[in-house]
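K.L.:
Got a structure for you, written out below as C-alpha cells; questions coming shortly.
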C-alpha cells in the first residue's frame, strides 16, 4: 500500500470511528444532566413520575455509555495507531488535557457504577442524587478536555518550532487557545440540546403510538423545555463561533460560506449549488455574513481569494454548514411553538403530525451533531494541526489500514444494531403502564 | 529521581493495576463460559453480575490511562509503537468491544443467549494474548527500521518461542489471578459451592502460572542477553515473589484466609512485575527507544505530574468508596440488596 492509500484509509477509518462514537458520546454527555434534573424535580415535587423518568433514562443511558466507552477506547488508541506522527507532536504540547480527560472519565465511571447499583439503598433520595453529580460532571469535563484538544488542532499555540524542534512549550497556553472557549461551549450546549430532543422524541413516539399516559406528557414537556433553553444557548454560541472563525480561521468560514472574494457587506449564502465556480439557486441573506463574522453589516470578510489554493478546505463543507444550522433553526422553531402552543392551549400541540415532527427532531438533532463535526474536521483540511502539520504527513506508514477499516466497520454495524435492538426491547417489554402497576404491587406486598 | 523515572513508575503502577483488575474480569468470563458448558452456570453468573458489572468500566479506564499517559510522558512511543502495533492492538480493541457489549447487551440489556457467554469468555483469553505482544515487541528484534518507518516482522514474531511463552504466561496468569480472587469473593458471599469450585481452579492454574513465568526468564537468555543478565541481578525480588506465591498456595490448600491469599498474590505479581520493569530500564523498545530519548519536555512533564497528583486526590477516595460498596459490603456481596435501576 502506498503512502497515499494509507492516508486515505486512515482518514476514512478515523472518520467512521468518530462519526459512530460521537452519537454515543453526545448522548453520554447530555443524558446524565437530564437524569439529574428529572430526579431533582421528582424529589422536590414528590412526583413519582419524574423519579421514574430518571430511573428509566438511567437504564437506557447505561447501554449507550457502555458503547461509548468501547468506541472511545477505540478512538483513543486509533489516534496513535493511525496518526503516529501527529500524536508524537501533539503528545509534546497538548498531552495535558488528554491526560486530564482520563481522570474525568475515571471519575464518571466510578460514580456511574455506584449510582447504578444503589437505587433504593438510601433512605434519603437526595443522597442518591448526590452520587449523580460526579457522573454528570465527569461526563461534561471529558467533553471539555477532549474538545480542548480539538480546539488546539484548529488554533495551535503554546510552543515554537526552531530548526524543526519544539521549544518553549507552555501546556496551559496550548490548552487555552483562541478556539477553545467557543468550541467547548458549543460542544457542551449542543450535547445537552441533542440529548433533550432525543428524549423528547422518545416521549412523543410513545404518545403517537397510542399511549395517553401523563408520564409521557410530563416527559415531553420537561425535555422540550430543557431543549428550548439549550437551543437558544447553542444559537448564541454558534454566532460567537462564527466570529472566532472570521478572526482565526477565515479560510474555514469562507469555504463554508462559499465566500470567494474578500468584501464588505457580505451576504450569507444558504443552500444552492456550484456550477463552474458560480453559485446558483442559493438563498442570499444580505449583510448576514458580515454580521456573523464581525457583528457589523459593513465589515469586510476575508474570502478564499486570499489563500493559496492547496491550503483551503473542500467546498462541500458548505452543505454541512447548511445542514447544521437548518436543523438548529428547525429545532428552535419546534420547541418554541411547542411551549407557546401548550401555554396558549392551542390544539395543534396534541395533533399527530406535530408529535411526528418532534419524533423526527431527535434523529435530526443527531444529524446536526454529525454535520457539525464533519464541518469542523473537514473544514480544517488540508491540516491536521492548522499551519503546522498536514494530514498527509501525519498518517501511519502501515500497510494494513484497509483491512482494519473493514474489521471496524463490522464492529460498528454490530454495536449499532445491537444497541438499538436492546434499547427498544427493553422499553417495549416494560412499558410505563406495566412498570407503574408492578411498583404498586411491590409496595402493597411490602405493607403486608 | 528524574522526571523520566517518575513518569514511567506512575505508568507502570497503573499498568499493574490494570493487569490485576482486568485479569479478574477476563478470567471470570472464561470460568463463567466454561461452567456454562459444564452445566454449572448458576454458580458463577451471580458473582460476575454482583462484582464485575459495576466495575468493568473502571477496569477499562486503567488501560486508557496507561496508553494516554505513555503518549503524554513519552511521545516518541506514539511513533514507534503506534506504527508497528496497528494490527494487534486493533484486534485487542475489537475484543474489548465484545466484552463491553456483553455488559451492555446481556447484563444491562437482558439479551440472553449462550453465544454471548461464549464470546465473552473467549474474548477474555484473546485480549491478554494480543496485548501481551506489546511486551514481546519491547524486547527488541521484532521491529525493523525501514525507509518508510518502523515495520513489525510478523513472521519472526509468530515463530519466536519467546512470544509464545509470553502469550501462555498471560493466559495462565489471568486464570490464576482471577480464580484466587473469585475464591475469596465467593467465600465472602458465603457461597460454598462457588468457593470450592474457584479454589479448585486456583490450585489447578497455580503450577502452570509459575512454570511459564520461570520459562520466560530462560527464554530471555537466548533472546536478549543484556536483559537476561539484568533480570538475574534482581534475583532476590523474584525470590521474594516466589515465597509469596508459595504462601498463597498453602493458604488455598488449607482453606484458610482467602483474603490474605489474594493479598499475597497481589504482592507476588507486584514484585515480579516491578522487577521485570526495573530490569527493562532504561529501554522502552529495545535498542531503539529509551525513556530518556523519548521523553517529553520538562514543562509538559511537570504539568502532567501536577495533574496526576490532583487527579489521584479525587480518584483514591472514589475508588475506596466503590470498593467499600461492592467488595467490602457484606450485604451487597451476599446478594441481600438488589438495587439495580
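The first residue you see is number 1, and the count goes up from there.
A Cβ is built for glycine as well, from the same backbone N, Cα and C atoms used for every other residue.
TrEMBL labels come from automatic prediction, so no person has curated them.
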K.L.:
Looking at A:404-423, A:424-443, I want to know which stretch TrEMBL calls transmembrane segment.
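P.N.:
Checked against TrEMBL: transmembrane segment maps to A:404-423.
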K.L.:
Among the residue ranges A:160-183, A:184-207, I'd like the one that TrEMBL describes as transmembrane segment.
P.N.:
A:184-207
K.L.:
Could you tell me what the rest of the chain brings near the transmembrane segment (A:353-375), counting residues at least six beyond its ends with Cβ under 8 Å?
P.N.:
15, 18-19, 22-23, 26, 186, 190-191, 193-194, 197-202, 204-205, 207-208, 220, 224, 256, 317, 320-321, 323-324, 327-328, 330-331, 334, 338, 341
K.L.:
Could you name the stretch, out of A:61-82, A:94-117, A:219-238, with the greatest number of CB pairs under 8 A to the transmembrane segment (A:316-341)?
P.N.:
A:219-238
K.L.:
I need to check the long-range neighbours of the transmembrane segment (A:20-41): which residues 6 or more away from its ends have a CB within less than 8 Å of a CB in the stretch?
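P.N.:
Answer is 47, 50-51, 53-54, 57-58, 60-61, 64-65, 67-68, 71-72, 74-75, 125, 128-129, 132-133, 135-136, 139-140, 142-143, 188, 190-196, 198-199, 222-223, 226, 366, 369-370, 373, 412, 415-416.
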K.L.:
What residues in the same chain, six or more past the boundaries of the transmembrane segment (A:61-82), come closer than 8 Å to it by Cβ-Cβ distance?
P.N.:
10, 13-14, 17-18, 20-21, 24-25, 27-28, 31-32, 35, 105, 109, 112, 116, 395-396, 398, 401, 408, 411-412, 415, 419, 422-423, 426
